[in-house]
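*Asks:* Please see the structure below; I have some questions.
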Amino acid sequence: MFRVFGSFGSKGNQSSGEEQSTKTKQVLKQANDFEIALKAMDFVLDDRTDEGLNLLKKAEMETGSDQTILTLARGVIEFLQATLSFETEEMKRAAITLGKAEQMSWKSKQNAEKTNFRSSSIYPPGTVYAVTYTESCLLHALLMLFSESMMEAAKALLKLRRAYTMLQDIMVTVKKAERSKNSSSPSPSEKSQESCGSFVSAETTFISVDIPYKLSSEDKSNPLLLEFAEKIYTMRMGRLSGAHIGNTPSFHRLRDDLGLQTTPSQASDRHSVSDDFDLEQATIDEFIHSGANLCYGILQVVLSLLPPAIGAVLSIVGFKGSREEGLRLVWKATKERNVHGCIGLLGLMFYYDGPFQFTDADFDIPPNDNGSRALNKSRTNDSSLLPGYMDSATLLHPGKILEDALLKARALFPNSALWLLNEAKMLAGKGRLRDSLALMDSIDVNSIRMRQVKSLMVFERAILLVNLHEYNRAADDLISLLDISDWSHALYTYFAGCCYLENWRMTQLGLLNDGKEQFYKERARELIFDAPSLLGKKTFKSKNLPLDRFMLRKVQQFNNMQKKLNLQEPLDSIATSPVHELAYFYNGYNRMTENDLILTKKMLTEYHNPAIDSEDPDQELIRNLLLSLTLRRLGDAERGLALLDDIVLPKIFYIQNGKVKYFKKTEDPWAYPAALYERALFCWKLGGMESLNECREWLLRAQNYAADYELSTRIGMKIKAALDRVENALA
């Protein structure tokens, strides 16, 4: 069995002075191993996974190394790989490692408490392992939830419950420490002299914040201890500046603005590490509060987004979340220059600009900050007065704050395509599609070492190209994913076929004249109708993905229409082009420029074939729903609303005796709640604050449409996020 604190041999026959010296070595060894773990994870965030794993392997072989944090670091690396790709073997490998880290953390926590091992001047013995335990639990539980097994999901909820309970206790201590730090207590330097280890030699006096007590007279002059303490300080300073993994200090690359053509900030020449970070913060203390803020924050946000039925059950046992509190904690974690800050930033990027549209840019309802702040004050003893507090308006639209955080990550990790990709996505979210594409094209995807990031880059670029109606390149990217990613070959193939279908239609309308009409036709037919044969091959789940089920249903619809109309050409059985549906799922209508929207409108209204001319009610519903959104984005909200009210919604529900009754429809399950959601958005756009009660009614209708349906997670979370925002504004 490994010895967490046996770094420097047994205490068997030691004198009190020797015991004190051994204890100090153990404290420093722990801080050293945590710095090694943080460095290894930073290598991964800079697209240098092999270097990070090799560093961990070397550290694991050292006698007396802290195997707990090293195992967790390996688990975090594998978790990042798994959640970027969702591939079977990587999910399994990460789950096994995190399970080990979970067990080791619990044993280390108990050992530290039993031996009263103090490695922090702020937190009780064992706290840092309580954090590694909750982090392991949280990440492990998320992987179990992704498995879509009922048994694994039940186990995951138990893990989350344990993590939640422990994090609540940790957060009490963290908040107490924060209040103490911001009170009229002694300055950090004075406090350091009172509670930290001070070394004195002929040449220097050095205070180590990593030693949470005064040193004995012998240890104060111990050159080996001094050398070890200075080494840890140097490691930490290198990490804070971004120079620890072989890059030059990050502030030399820091920019003020997004985009390929921007240059480093003029202020970067005058920048120093002390401008951003507390240099007198111990490594263990930093890990504790950044890890606690991140994990508890993520838990709060995830719980707040759960469907009402599940949320109600969990709240009965005290398992509930506050989105605002959770977001504030995640934002607080991003202020730290370690892996917790980076994971927090990735989470925020997904929240603000991901496919689930938790913060739909069109639903820009100003928050009722007074109510939420009053509630928060009552919970946190006036935490709104603490430095860095973010009010509700800032949490809803962080704007430049999120942009600056991303630019710092880009400067810290210049070799990583992951952060470049997030910058490109942010540009696209701002409507700067061409700038986004230029940034993506600035890197050779074959130079990306991390295969999972490479596949993400190619897929996101394909989505962007679809929004720009550049379907040739989009199809090429999607087909190339068959050799890169094992996620869903069926969806990649179908999506590429839809791109070729749209190109074929554009040639028929005279909008594209490249002499490849027959090629587009043949490729569209081949890829769309062959895609179902790839289902079940190279997917990470035992069940088909939601978008796989969407694809399978659509192809079956096309086949049924072909038989119904007795058509020779399969492509003539496709009414509304499915590429427009896929664009909706990936927030395309909010990102398209005016010219792109005009072309979308033209393709939805001017193209004709036998399936379209048959005016099938279900296909007309899809076409008119997407057309109404296009009109709204083009500034013609009144016309879009009329289309929705007169043609789309009467096919979805009716009012009987004052109660909403839904038509039982299964042809396109995602579209019906989505139409009700979009009706609420129309209400907001045309009525403003005076229409909030009506908005709420439409969102409740959307939420109550069905308990489960195709793409219910994607659509349902968007609905719940909007409903929470409306109810907050009405409070």
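Note that Cβ sites are derived from N, Cα and C of the backbone, with glycine treated the same way.
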*Asks:* Hey, which of Thr115, Thr380, Thr539 does Swiss-Prot call phosphothreonine?
*Replies:* Thr380
*Asks:* Which one of Ser10, Ser217, Ser265, Ser372 shows up in Swiss-Prot with the note phosphoserine?
*Replies:* Ser265
*Asks:* Which candidate in Ser208, Ser290, Ser392, Ser436 appears in Swiss-Prot with the annotation phosphoserine?
*Replies:* Ser392
*Asks:* Based on what Swiss-Prot says, identify which of Ser192, Ser383, Ser614 is the phosphoserine one.
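*Replies:* So the answer, going by Swiss-Prot, is Ser383.
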*Asks:* According to Swiss-Prot, which residue out of Ser120, Ser268, Ser274 bears the annotation phosphoserine?
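*Replies:* Swiss-Prot annotates phosphoserine at Ser268; the rest carry no such entry.
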*Asks:* For Ser392 (phosphoserine), what is the tally of other C-beta atoms lying within 10 angstroms of its C-beta?
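*Replies:* By my count, 21.
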*Asks:* In angstrom units, rounded to an integer, how far apart are the Cα atoms of Ser265 (phosphoserine) and Ser392 (phosphoserine)?
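*Replies:* Approximately 29 Å lies between the Cα of Ser265 (phosphoserine) and that of Ser392 (phosphoserine).
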*Asks:* Counting across all protein chains shown, how many other Cβ atoms sit within 10 Å of the Cβ of Ser265 (phosphoserine)?
*Replies:* 18
